[in-house]
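S.K.: Attaching a single structure in C-alpha cells format; questions to follow.
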Amino acid sequence: MLAEMFKLLILILALCPSAIDSSFQYFNMVEQWPGGYCQFHRCRRVPWPNDFTIHGLWPANHTGTVENCKKTGFAPIQDENKFKQLDSIWPDLDQPRPEYDTVGSRVLAQSFWGHEWKKHGTCSENMYNQTQYFDLAIKLKNRYNLLSILEQGGLSRGHSHELSDVNSTIWRTTHGTPDLKCLNDARVHRNVPVLQEIGICYRPSKNRSGQVSFSVINCPHSRTRTCYRGLGNGKIVFP
Ligand SMILES: *[C@@H]1O[C@H](CO)[C@@H](O)[C@H](O)[C@H]1NC(C)=O
Ligand SMILES: *[C@@H]1O[C@H](CO)[C@@H](O)[C@H](O)[C@H]1NC(C)=O
Ligand SMILES: *[C@@H]1O[C@H](CO)[C@@H](O)[C@H](O)[C@H]1NC(C)=O
Ligand SMILES: *[C@@H]1O[C@H](CO)[C@@H](O)[C@H](O)[C@H]1NC(C)=O
C-alpha cells in the first residue's frame, strides 16, 4: 500500500516538469514608458528614450513580489559592451546619460541596477546569479517589442484608448494578461490615467534535460486597477 502510494507520488512528480525548486513562482518583467513616466518624474535623461525601457525583473510568488531576500551586494558591471547594452534598454531615467569613459561615472550610473538587483534580483539568486539575472532580463525584454505591439495594434501615441483594447492587443501577441500601471494627475490629461508601465509575467519551467524555458502567464497581481482611477471611464492615455 505504502509502496503504491510512493509510486503514485513519483508518477505525479514526473508528470510535473514545471515544478521549479525556488522561493518564487514567476517573474514580472516590468517595462516603463518614458513618455508616461517623465510626465510625473523629473527625468534628467534627455532626450527620453523613444521606446519602452526596463524598470525591473521582479520575482514573485502567489502572495506578491518577493523582495530583499539576501544581502548579496551588487558588483558594478565592468564589461563595456554589457554596460552599454544595459544602459540603452535599462537606463535610469532620473539621471543624466552617463559618460562611458570614466570608471567613476560608470559605477555611479549603476545605482539603479544595484537597487533592482538587491531588492529583486537576490530573490531569484538560487537560480540566477547577478550576471545571469541581468542576461535573463535582456533576453526577456527582447522577446517582445511592446511599442510595436501597441502601434501595430492601432494604439497610437498621443491618444487615449480603451483599457480593454490595450490589454487585448498585448494579449493577442503574448497570450497572457499584462500588468498595467497608470498614474493620474488632474493637471495632465484632465485626470485620465496615464500609462506608465507594462509588466509581462513569465513562469520558468524545466524540461526533462533540465533546461529552463519561460512561458507567459496571466499576471496574477496585476496593478491594472491603477488605470481605472480618475475620470477615464475605462480609457487611458498612451502619451
Ligand atoms: C511569498 O513570499 C513571501 C515573502 O517572501 C512569503 O512571506 C510568503 O510566504 C510566500 N508565499 C508563498 C505562497 O510562497
Ligand atoms: C554566475 O554563474 C556562471 C555559471 O555558473 C559563472 O560562470 C559566473 O562566473 C557566475 N557569476 C557570478 C557573478 O557569480
Ligand atoms: C485581457 O484580454 C484577454 C484576451 O482578450 C482576456 O482573456 C482577459 O480576461 C483580459 N484581462 C483583463 C484583466 O481584462
Ligand atoms: C529542453 O529545452 C531546450 C531549450 O529550449 C531544448 O534545446 C531541448 O531539446 C529540450 N530538451 C527536451 C528533452 O525536451
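The backbone N, Cα and C atoms fix where each Cβ goes, glycine too.
Here the structure is a predicted model, which means the values were calculated and not measured.
From TrEMBL, for reference:
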{"type": "ACT_SITE", "residues": "His55", "note": "active site"}
{"type": "ACT_SITE", "residues": "Glu116", "note": "active site"}
{"type": "ACT_SITE", "residues": "His120", "note": "active site"}
{"type": "SIGNAL", "residues": "1-22", "note": "signal peptide"}
S.K.: Cα of His55 (active site) to Cα of Glu116 (active site): how many Å, rounded?
M.R.: 8
S.K.: Return the residues near Glu116 (active site), defined as same-chain residues 6+ apart in sequence whose C-beta is under 8 angstroms from its C-beta, sorted by sequence, else 'none'.
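M.R.: Sequence-distant Cβ neighbours: His55, Gly56, Leu57.
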S.K.: Would you find the one among the active-site residues His55, His120 whose Cβ has the most company, meaning other Cβ atoms within 10 Å?
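M.R.: That would be His120, with the most Cβ atoms nearby.
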S.K.: Going by DSSP, is His120 (active site) part of a helix, a strand, or coil?
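M.R.: SS state of His120 (active site) = coil.
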S.K.: Tell me the coarse DSSP state (helix, strand, coil) of His55 (active site).
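M.R.: The residue in question, His55 (active site), is strand (DSSP, three-state).
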